[in-house]
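What TrEMBL records for this protein:
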- 45, 50, 58, 64, 65, 66, 85, 86, 87, 88, 89, 90, 137, 343: ATP binding site (BINDING)
- 183-210: compositional bias 'Acidic residues' (COMPBIAS)
- 183-220: region 'Disordered' (REGION)
- 608-647: region 'Disordered' (REGION)
- 626-647: compositional bias 'Basic and acidic residues' (COMPBIAS)
């Protein structure tokens, strides 16, 4: 109400400069005063004001038609957050007041006072007893006993800070403060001071007499003055070209209530036009909250604040950003959304879907640009000396982002099918060729061997464990690059990330691995057919579905691989560690297991020869079981190589 009145008079002055008036009347501001003795809270603006006819039309009509429904809702204990449902946004004042006066002065009319107790009736009369307003409106709330907290300065400051910190007009509170004042010292104190004075020389006494001053003391005195409550400027309303890095950093610290020295990693300041108009400012914090992922699915509060025309609405809109981007902090300010509806009703507003779509796209672009501007990410690109100097401080920024928020990107790939490909571009990982550095999928693809159709990866608990994995033996020998996924969430990630840029993902610990044509493989299968058939019978009760010749082993005699759609051995370990894991489901998801044998290994060759000699030997079967059992330990870091003689 006050904001609209101020906006209207400012608009009128564009065509009629005299409408603004002079002196205090020309100050477009809002003033708040407290009368604790009479329990009155007064809010005054110097806006356009209302004529007698306006008061009847804007307040009186609603008082007769809508107030009864509103009061009934109050009395029945309904949801009082639904302010505006009955077209009576103004009448929310009766939540805290039992009697309201509205004093208003329009340039074209006398000063009038409207008053009502929300009982379906109201009165309007010419105001001859209140202070002349000059122009504008003053609302006086006669507060209920249970609403006395609104007579506390601290409470009002908090409310203005939360809901109206960034509105265009200054808000002042007639506030009390203590100041130090010099006052004459009383006679008793003066005499005590004289008694305690030591003897002084005649010269000192003469000087004192000449410069003798009245004795004073400092006391605390309570005064009142207008205190500005909303001095923080809405930087998102300015052009991004006009805002300095220091101003962005200062605003971020105010928004995040973080007054450390760390700047946000990056930010995106933009506006959207069209059917839905809004301005937004998004920040990537320098560090992830300690409980970001512990409370991932339970957190109700968002780090994104929604404003409508600079008035704070809520920070609990789950629909503004998806969960995986909940680490972002920022502001969304829309002039399109309605101001006088409840949070619940606003959540159903069609415009929110449009805003969300644009926010996600801008957020992902912001993170992508953070990577592109990091010289560690694209060091192979040619840069001028000036560009190199400007980007030096951004060195390593994306690696820092990935360490803090990389898991959020992975969760986004799992949860957001629409933006899965965009998010996949943000993935970073180590690989068998990255030498400890993080690489992207695009970089991996650029290094793929000629004829390589799949993106190879391996999951495990650590890089060190994966480097010793037998699954890498032939891949390493043939110079294929393999991605290392060592985060438990990676197992879930790869269930959703099936391909990228027309390249399929292939877990090298699962069946289906293709490493190009091997002319000898067909002959080897035929040569070892008797062994593979015999071994399948020997291990029929060991959970092995089949025995095949391997194209992935070089130094290891054999290894157990899982079916393409079953759990990997790493996923099995993760699920077994779950407190409430379901054993029957695990058995189903484990899928078929295949024992792959290395036809070039001495142990396998010797087993083939012995099977040909005596396939019924019980000792031979025990040896086969032992070899298979040891193959299941091949990925464990502490596992030692096979001892041929011991076997």
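Glycine is no exception: its Cβ is also placed from the backbone N, Cα and C atoms.
Curation does not apply to TrEMBL; its annotations are automatic.
Feature annotations (TrEMBL) mapped to structure.
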| residue | record | DSSP class |
| --- | --- | --- |
| 45 | ATP binding site | strand |
| 58 | ATP binding site | helix |
| 137 | ATP binding site | strand |
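Its Cβ taken as reference, residue 45 (ATP binding site) is surrounded by 26 other Cβ atoms within 10 Å in the chains shown. In this view, the densest Cβ surroundings among the binding-site residues 58, 137 belong to 137, judged by other Cβ atoms lying within 10 Å.
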